[in-house]
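**Q** Swiss-Prot feature annotations, pasted as is:
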type: ACT_SITE; residues: 99; note: active site, nucleophile
type: ACT_SITE; residues: 186; note: active site
type: ACT_SITE; residues: 188; note: active site
type: BINDING; residues: 240, 241, 242, 243, 244, 245, 246; note: ATP binding site
type: DOMAIN; residues: 22-212; note: domain 'Glutamine amidotransferase type-1'
type: DOMAIN; residues: 213-403; note: domain 'GMPS ATP-PPase'
């Protein structure tokens with residue numbers, strides 16, 4: 001009776017979502033495809049991402065208000081470049097092409113795309129032409145946008161007009177009669193000025209969409225899906241103490257109660273005193289936490305390993321080994337839950353394998369292909385800021401919810417090169433000093449992520465009258481909304497001076513401290 005009721009509820013929810021007019025994102029492999037969906041969901045409109053090769057018949061059966069063609073790593077003239085059925089443009093549904101999507105529109109309609117003599121990556125200034133278009137309604141004549149392209153439009157197709165340009169390329173085109181639009185830049189990226197307004201113009205003024213999506217209703221759906229999928233089976237979850245795994249744990253607990261078993265694996269690669277902080281969660285949130293000290297095993301497996309991808313794979317494999325040993329003690333454990341989020345999935349690989357892999361994430365790229373446990377990832381379609389909002393709704397305290405992210409592989413990917421116990425000890429002390437000073441100076445919650453990287457580079461120094469030859473540490477602090485793009489944090493010089501002085505004087509093994517001032521893109525937040 002209970003499960004019949006749940007199935008009925010899910011049927012109602014699925015029927016509701018099928019009847020909602022959605023914005024459809026056709027994914028051509030861009031690292032930002034899901035971010036487009038995030039931006040539009042943020043303004044209250046249901047958005048779905050599907051592979052570009054989805055059959056036209058399926059698309060016709062969807063209730064769509066508008067279609068967005070994402071960017072992608074390919075050139076439209078490359079062999080086997082992703083393409084599109086021209087019938088898409090005969091559905092009388094507005095279409096917006098972004099970057100590769102715009103170039104594909106130009107090619108399909110008979111225009112010309114060529115290789116740039118000057119590629120554009122990063123910030124550029126855009127200028128609007130004196131052409132009336134709803135796409136740029138209520139926008140100034142010039143503003144900053146984010147570019148990321150190696151090809152450009154050389155000749156626009158017949159019946160299209162140019163809406164905007166930069167000093168190097170045609171930045172936007174449109175066919176107003178057919179409601180087909182193109183942008184060479186990325187409005188979905190937070191550092192593109194007025195990007196949200198451009199998307200709002202497309203969604204509300206051109207597609208005539210209505211607000212129909214809320215985070216709260218989506219969370220309720222996820223809880224019911226967990227109940228239906230897991231049933232009476234048990235779920236095992238690796239609890240790291242980070243925001244993602246804690247929110248994941250409380251969501252699953254809400255769905256299956258005592259059938260959730262949280263496992264805290266001490267890998268020896270954690271922040272200083274991390275084990276004590278995580279075990280405190282047991283009492284704060286009434287979680288069933290099993291503690292396992294596997295620090296020696298992890299360190300032995302990482303011996304002589306320098307390649308970051310190999311380190312991630314080894315750690316992921318050993319995590320699964322630990323969990324599967326636990327399941328031998330309880331045959332009713334059938335699922336391995338992870339706090340995988342959208343940005344993890346995007347940076348590892350696109351679901352359709354069209355995107356260029358940046359790096360594998362421990363949650364998605366570090367697990368072995370064959371394992372007995374089934375995977376449960378209730379957060380893998382949410383971005384970090386959405387997860388924080390879910391955490392607020394679940395009653396998670398500020399100090400737990402706004403802790404700076406910590407990667408699954410831990411300090412192994414903040415120690416560049418081989419991992420040793422000596423390096424772990426050095427890095428733990430250095431990161432602890434940085435965190436202490438951030439709290440002391442009321443800066444911790446002003447920064448989204450702060451950590452220290454230990455380089456495999458030694459340099460000469462002088463302490464007292466003695467020559468030193470020790471490691472170099474790099475401080476990395478960033479601010480970001482969604483972790484898809486990020487800017488380095490401009491910290492006060494006096495603060496940096498204090499942190500540097502403390503690390504060099506208090507941490508044996510470091511005699512030089514640098515500050516990383518690179519943004520994402522082109523850099524990633526973590527070094528490995």
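If you go along the chain as it appears here, the first residue is 1 and each next one adds 1.
Each residue, glycine too, has its Cβ placed from N, Cα and C.
Give me the structural setting of these features: burial, nearby parts and distances.
**A** Counting every protein chain shown, 23 other Cβ atoms lie within 10 Å of the Cβ of residue 99 (active site, nucleophile).
Classification of residue 186 (active site) by DSSP places it in coil, neither helical nor stranded. Annotation for residue 186 (active site): spatial neighbours 32, 71, 98, 99, 145, 146, 147, 148, 192, 195, criterion Cβ-Cβ under 8 Å with sequence separation of six or more.
Listed in sequence order, the residues of the same chain lying 6 or more apart from residue 188 (active site) and placing their CB within less than 8 Å of its CB are 32, 35, 36, 38, 39, 98, 195, 199.
The secondary structure of residue 244 (ATP binding site), as reduced to three states from DSSP, is helical.
Computed over the domain 'GMPS ATP-PPase' (213-403), the whole-number mean pLDDT of the model equals 85.
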**Q** Which ones in the same chain are close to residue 243 (ATP binding site), with CB under 8 Å and 6+ residues apart in sequence?
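**A** In sequence order, the residues whose Cβ lies under 8 Å from that of residue 243 (ATP binding site) (at least 6 apart) are 384, 387, 388, 391, 400, 401, 402, 403, 405.
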**Q** Using the Cβ centroid of 240, 241, 242, 243, 244, 245, 246 as the reference point for the ATP site, which residues of the same chain not in that list have Cβ within 8 Å?
**A** 239, 247, 248, 339, 403, 406
**Q** Among all the protein chains here, how many other CB atoms are within 10 A of the CB of residue 244 (ATP binding site)?
**A** 23
**Q** Please list, in sequence order, the residues in the chain of residue 242 (ATP binding site) that are at least six apart in sequence and whose C-beta is under 8 Å away from its C-beta.
**A** 339, 403, 405, 406
